[in-house]
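Asker: Okay, handing you the structure first.
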Amino acid sequence: MPHVDLAAGPTSHYNSNGDRLKRKQTLLNLLDALQELTRDNEELGSAARNEQRNLEDDRDVPTVDEHIQRVGAETFDQFQRRMTKLDTELRNFANAARRLGSSVGILSSSVRLRQRLAQLLWLFRENAADLFPRKVRRQPREMLVDPGMHQGGRKNRRYRAPSHVVSPTVVAKLDPEVFPEQLQALAREVITFLDCLNEFPEFNDEAVNASVLSLESDLKYWASCLKAYEGQFRYPAVQRYLHDLTSEMGEHLDSITSALSIFIEIGVPTIRFAQEHASQNLLNLSTVATFFSAVTASTMQFSYTMTEGPLENAVNAFWFTSLVFSIQAAVNSLLGLTWKKAMYRSPGHRTPWWVLIWIKRSPLVFLVASVACFSIGLVLFAYSSGQDPITQTLTSVFSAFSCFGLAAVSAWFVSERWIFIRHRGQKWLADVLSETKVQICAVPGIKWLIYEPRALTAEIGQWIQRHFRIASDSISRLVSRMTHKVNRISVMSSSSEKVSEDGLEDQTIPTCMSPGPSSPIRVRSSDVGAGPLLPISEIRPPTVGTYTDNLEASTTLSEASSAPGTPTLTGKMRFVNAVHSVMMMRQMASPFGLKLPPRSPRRQRTSSSDGTRTSDQLVEPLGVLRASRVAALVPKLKALEPTQDLAAHQALVRHLQFSPNGKFLATSSWDRTSVIFRVGDSFTSHRVLAQPQGFVGQVAWSPNGFTLLTKLNRGVKVWTEDGVCRKTIDRHKTVHSIAWLPSDEAFLSVEGSTVVKLDLNGQILDTYSFDRMLLHDVAVTQDCRRMLCVGTLLTSRDGLRPSKSRAEKQIIAYNLNRKHIENRVPVLHDVRDITLARDDQVALVSYENKAPPQLWKLDMVKDSTRLSLRHTYMPKVPVDFAGPSYFGGRSDQLVLCAGKGKIIHTVRSTCPLNAAAGGDIHIWDRESAALLHHIRAQASGGDLTCIAWNPTTEPFMFATGSHDGGVRIWTAQTDLRDRPVLFDAVEPSSRATTRSEHVPSWTESPSLYGFEQQTQSPFEEILPDFGDVGIDGGEMGLLVFNAFLSFLPSL
C-alpha cells in the first residue's frame, strides 16, 4: 500500500486540530459503512485508508472508490479473456496447418504473433495494476520469461525447439514507454500473418482479411498517437487512456477470433483437399510415365539389334528418346509430389520461375514428348521390319491421328494460359475464338464462301424434308384405313361366337345422367343379378332415365364391379364412380368437420429475481458524509423544488446562463430567439432578442454582467443587458463555441482548428492554431495566461485515421503568451464542454451520451501546467446526460448535471398522477465526488437539454431547459404540499391509481464508468399488460387494474 502523507496539502485548514477530529470521525463512519458491504477486512481497511487521501496529491489511483476499482478490473479481465481466446485459436490454427504444404511460414508468423500478444497483455496488466491495485494483481515476470530456463536439467538446455513450435514468451525488457513500439510491432505481425495466410491460393477468406486489415490500421493509428506522450506513460491520465483502449482492441480481437475459427473449420480442409488433389495428379502422372517407360523398354528389345540402315537407326533413336522422356517424367512427378507436401517449401511467389516450371510443367511435357517419339518410332518400325502394307497403313493413320489430337489439346492448354495472362482473366479462349471468327467472316470473299453454300444446302434439305413428309402422310392414312377395316371384321366375328356359346343377350346401360340416347355398354346378364334368366327386353333398361335412376344404376354397377370375377370397367366409368364417391364422402363428412379456432399468441413476461428492491436501497448512504460542510449542504439541496415554469420558447432550449451578478437569466433556442429574464420572486421577460440569421446555440454573459454574446452558426452578436444589439460579427467559418476573457473587452471564438481572439467590434486581436485538431470548447484562466481546450484529433502525427475505433480526443493546456501546448491528455469519449472553477485550480469536463463528467486538476510543474484526473462523478442510475455540467454553490463547491427521460410521480391531496418527466438532476460534492442529491424527475415538460446555476442567489437556485421550449426555475420553498416523489420509468400510456413500491432490477456489466445497466424496461414492470385474456403485469398490474375497476362507478 503506498504511503499517504496527510500533511502534504498546501491549504491551512488541514492543519487545525478541529478539522483533524472531523476527518477522523469521517474515517470511522466510512469504515462502518464499508463493513456492511464487504467481508474482506483487509480490502475494507485499505479502501478506508485510501479514501482519506489528500486532494492535492499527484497520484489519483488510491482515491477511486471500490466500484471504479471493480469495474476497471472487470474490463481488464474481459480483455484478458479475449486475448486468451485469440491465443487459443492461433494455437488451434497452427496445429491444423501443420499438415499443409508450405505451412512453415504461417506457423512461424502465428508463433511470433502469439509472442507479441503475450507481451502486450503483460504491459496492459501492469498498467491495470497501477490503476486498480486492489483488484488487479501483477504477474511475476519469471512466469513469462522462457519457462524452460526454470526447469533445470541438462537435457532441456541442449534441446532447442524449432521456431514454429516454441511457446510464446516475453523475452525482452518491457517498460510502459515501449507501448507505441509494441503496438507498431503488433501491426507488423498481424499483416505478416495475413500475408502468409494469403499465400495459400486454394482458399481466400475475405472476413479474415477485413478484420486483420482493420486491426492493423487501428494499431498504427494508436501507435502514432501515443508517440506524442513520450515520457508520460506512467501518468494516471495516459494510463487511463491505455486502459480504455483495451475495450476498443477487444472488439478487433473478437472479430479476428471468430474469423479464424471459421477459417479452421472451412479453409484448412479446403486447402488440404486442393493440395492432396494436386499431389494425386502428380502421383498418377508418375505412374503413367513409369508404365510407359516399361512399355518403351520392352518394345526396344525388337529393334535395338537392327542397325543396318538409316530407317532402323531412326527407329532406335526415337524409342531411346521416348524412354528418356518417360523416365524423366516419372522422376519429375515424384520430385513435384515431394515438393508439394514439403512443410518447409517456399510459397509460389517466392520461388524462381524456372523452378516452378520444372516442377509443375515438365512432367506432363516430358510425357507428351515421350508418347510422340514412341508413336513416330512405331511407324518407322512398321516400315523397317517389312510388315504388310495394310499394317503399315493402319499404323501410320492411327499414329498420325493420335499425335494430331495430342498436339491439338496441348495447343489448347497453351492458348488458354496465354489468353488468361493477356486478358487478365476477363476473357475465355472460346470468347477470343468467337471474336476472331466474326472478324474473319466479315471479309467479303470469305463470307460468300461460308454462307452461300450453307444457304443452298439448307434449301435443299428443306425441300427434301417437305416432300418426304407428304409421302409419309399418304402412306400412314392408307395403312390406317386398312387396319380399321380388318379390326371391324374381327370384332363382328368374335361377338357372334360369344352369343352362340353363352346364349346371352347384351344389356344396354346408360353412361350419362342427361336424357337422350346414350352409348351402350355391353355386360353379361350374370353380372346384373343372380335370378333366373329374363328376356332381353326385360333386362334392358329404358333409354331415358332420371337422375335418381342413374344414381342407383351407377351405385349398383360400382357394387357389382367390386365382386370377384367381375370384368374391369372402362376408364371413363371408373372416373365417374370415383367422382361420385368423393362427392358423397364430402356431403357425409361436412357436418362432422372440425374447425379449430385460431390460436392467438400470448406474451409472457420475465423479470429479474432481484427486482423487489425499494427506493430506499438506492439512496446514497450519508453516514460517511457527516462533516459540517456537507451536513449543511444536504438539507438545502433537498429543499430545492420547481417553483416557476416559464414558457420561454417554441422549440428546444439549447443553452441558458445566469449573469454573474445574478440579476438576469439568458436563454437561447432553436426557434431563432433569445430571451432575457429578470430574476426575482417571479421571473419576468425582460427582452426578447430576435435572431433571423439562424439558430442560437449559446449565450455568454460578460464577467461584469453588462454585455451578452449570442452564438450563431457563422457569427456572433453583441447585446447589452437591455436587449440592444451593439454589433453583429460575421465569421466565414462555423463557430463552435465562444468564451469571454476576464478583461470584459474581448472574447474567444472557436472555429475548427483555430481559436480567434476578437474585440467587441469584431476586430481580430490574435489567432491560436492547433494542428490536426477539431476544437469544441475553450476556457481561459483569470490571469489570461493559459487556455484549456477540448477537441477531437483529426489525424495522427503520421496522417493516419482510425478504421473502426473511435478517434482520440484531447484535453489541452495552452500557454497564450508563448503560444505553445504545455500539456495534453488523451481521452477516448466524445468531449463536449470544459468549465474552469473560479480559483483556476480545477476544470470540469463534460462528455456526450452516458459518459459522466470529470474533474481535472491543474498542477504547476516547472512553470508549466499539467493536467491530472481528480474525480469522476458517477450517477446513481444509468442516464444520458443533457448538456454540459457546471459548478454550483459557494466557491464552486458543487457539480451539477442534467439527464434525460424519467417518470415523475407527484403526490397531491386527491390522487397520485404520473406525468412525463424532463430527466434527472444530479448534484455532487466537488471535493469528495459524493452524490449529495438526486432529483429523480420533473413535474412536467420534455427531456432536459441544459442546466444553469445562479451564482449569487441565497438560497440555492438553478434553471433547466427542455425540448418543448420550457424553462423551469428550481429553488427552496417552505410549502411542500406538492413535493414530487419519483421513480424511474419511461412515459406511461395510462394513469396509475396507486403508488408502487416496486423498483425495477438492474444488472451490472463491466462498462467504463461502472453504472448499472438496465436489462428490462421499468415501464413493462410497473404498468399492467392488458392482453387477450386479462392482466399479466405482476402485482402492480393487478393492483392498478382492481383500483381502476373500483374507480369506474365514481366516473
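Residue numbering: from 1, along the chain as shown.
From the backbone N, Cα and C atoms, a Cβ is placed for every residue, glycine too.
Okay, these came from TrEMBL:
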- 27-54: coiled coil (COILED)
- 606-617: compositional bias 'Low complexity' (COMPBIAS)
- 500-522: region 'Disordered' (REGION)
- 591-618: region 'Disordered' (REGION)
- 646-679: repeat 'WD' (REPEAT)
- 937-974: repeat 'WD' (REPEAT)
- 282-304: transmembrane segment (TRANSMEM)
- 316-337: transmembrane segment (TRANSMEM)
- 364-383: transmembrane segment (TRANSMEM)
- 395-414: transmembrane segment (TRANSMEM)
Asker: In the predicted model, what is the mean pLDDT computed over the coiled coil (27-54)?
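Answerer: PLDDT averaged over the stretch: 49.
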Asker: Compare 282-304, 316-337, 395-414 by their Cβ pairs under 8 Å to the transmembrane segment (364-383) and return the stretch that comes out on top.
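Answerer: Per the Cβ count, the answer is 316-337.
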Asker: Sort the residues of the repeat 'WD' (646-679) into helix, strand and coil with DSSP and give the three counts.
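Answerer: For that range the per-state counts are 0 helix, 20 strand, 14 coil.
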Asker: Kindly report the helix/strand/coil residue split of the repeat 'WD' (937-974) according to DSSP, in that order.
Answerer: 0 helix, 19 strand, 19 coil
